[in-house]
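Features reported for this protein in Swiss-Prot:
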- GLY78, PRO79, ARG80, GLN81, ALA82, GLY83, LYS84, THR85: ATP binding site (BINDING)
Amino acid sequence: MDEIESLIGLRPTPLTWPVVIAGDFLGVWDPPPSLPGAANHEISAPTARISCMLIERRDAAARLRRALHRAPVVLLTGPRQAGKTTLSRLVGKSAPECTFDAENPVDATRLADPMLALSGLSGLITIDEAQRIPDLFPVLRVLVDRPVMPARFLILGSASPDLVGLASESLAGRVELVELSGLTVRDVGSSAADRLWLRGGLPPSFTARSNEDSAAWRDGYITTFLERDLAQLGVRIPAATMRRAWTMLAHYHGQLFSGAELARSLDVAQTTARRYLDALTDALVVRQLTPWFANIGKRQRRSPKIYIRDTGLLHRLLGIDDRLALERNPKLGASWEGFVLEQLAALLAPNPLYYWRTQQDAELDLYVELSGRPYGFEIKRTSTPSISRSMRSALVDLQLARLAIVYPGEHRFPLSDTVVAVPADQILTTGSVDELLALLK
């Protein structure tokens with residue numbers, strides 16, 4: 001164990017398994033040797049036996065562990081119930097006196113004077129719900145700039161532009177940002193990919209006993225998010241208004257954003273409609289995929305493409321509660337596109353992602369630069385992938401090194417020297433950018 005691991009108690013390999021129930025960390029459980037990477041079990045509860053799933057999030061844990069090696073302060077953000085607290089307890093071992101939860105009144109009192117509370121501590125100091133402590137980051141700057149630094153800091157917070165802004169401003173050069181999304185196919189295994197697509201990646205939704213229970217949990221999540229969480233993040237917009245806006249955006253999933261159309265539907269000004277979109281984007285429940293502009297002498301689209309980041313939430317906003325309803329819904333293809341895109345985003349982070357589209361409707365679902373070369377991805381829910389005229393335009397205009405058509409099949413095969421059809425299962429179980437590039441050759 002090196003000096004930093006000794007200092008902050010990092011576990012070089014996962015030693016225990018998080019028990020995820022309703023998004024809360026209930027403890028850890030050493031599995032028997034025969035237990036696979038994820039397994040269903042039941043544990044006793046005071047009033048009922050609760051089904052749970054043990055999920056080891058190796059990729060997210062490794063990413064957080066690397067960040068804690070590099071930076072004196074790590075800010076772990078993500079949507080509510082994504083598993084931030086669970087992950088932090090799995091990766092780092094903070095002593096009880098070095099663990100704070102700002103939602104806990106006792107800990108909030110301890111942190112009323114952050115300098116007094118933190119200056120005498122050593123090792124890994126974990127602070128949860130940090131968005132509730134506006135004076136924290138200037139104090140952290142003083143603490144990490146001490147000649148001898150006996151501590152490192154893991155800061156957890158729900159998605160908040162103010163939180164990220166304060167951290168970036170006060171701790172420039174001292175903080176690394178890590179975003180935790182929902183569960184990935186690599187977390188749950190390819191055999192559970194369809195369930196992950198239907199239910200989404202929030203652990204309580206994915207691990208629910210049934211689709212009905214999962215849908216009910218997501219309904220409650222949406223209500224709580226709109227009525228409480230947004231207000232806590234500083235968004236002062238009525239819950240009913242934001243529900244209408246979010247539902248409208250669900251119907252635009254996978255399409256270009258039209259501020260005029262959303263404003264007309266909500267009977268508000270375009271600037272107000274844009275404010276609603278930005279609020280949901282800042283809360284990490286909506287993705288705005290920005291356009292890539294190539295110097296090609298053609299008019300190109302400038303509006304972002306809109307995706308509801310968690311497909312489980314998308315499906316509830318659209319009234320979809322099971323696989324049959326999903327298969328019959330006209331947003332089936334767009335839903336699958338968004339699911340694959342979010343899985344790729346988790347793999348490719350922190351590389352910026354773009355889409356590309358001209359006024360003549362030549363388009364590319366995803367554009368990214370890797371190792372200094374441009375790559376494109378087309379996400380097609382078809383059994384017979386082929387090269388379209390639009391793809392040929394993208395290859396020429398964007399000078400792509402490779403274009404991958406991601407489809408729900410079983411076989412990888414080339415369609416030309418620069419275009420390859422790749423099964424989604426192979427793409428989504430890739431563990432690194434290097435593995436992905438090897439797959440595209």
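Including glycine, each Cβ sits where the backbone N, Cα and C put it.
Here the features listed in Swiss-Prot are painted onto the structure.
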| residue | record | Cβ contacts under 8 Å, 6 or more apart |
| --- | --- | --- |
| GLY78 | ATP binding site | LYS84, SER158, ALA159, GLU179, LEU180, SER181, LEU284 |
| PRO79 | ATP binding site | SER158, ALA159, SER181, GLY182, LEU202, ALA283, LEU284, VAL285, ARG309, ASP310 |
| ALA82 | ATP binding site | LEU180, SER181, GLY182, GLY201, LEU202, PRO203 |
Which of GLN81, THR85, the listed binding-site residues, has fewest other Cβ atoms within 10 Å:
THR85
Ranked by the number of other Cβ atoms within 10 Å of their own Cβ, which of the binding-site residues ARG80, LYS84 ranks first?
LYS84
Could you find out if DSSP has GLY78 (ATP binding site) as helix, strand or coil?
strand
Inside 10 Å of the Cβ of GLY83 (ATP binding site), count up the other Cβ atoms and send me the figure.
27
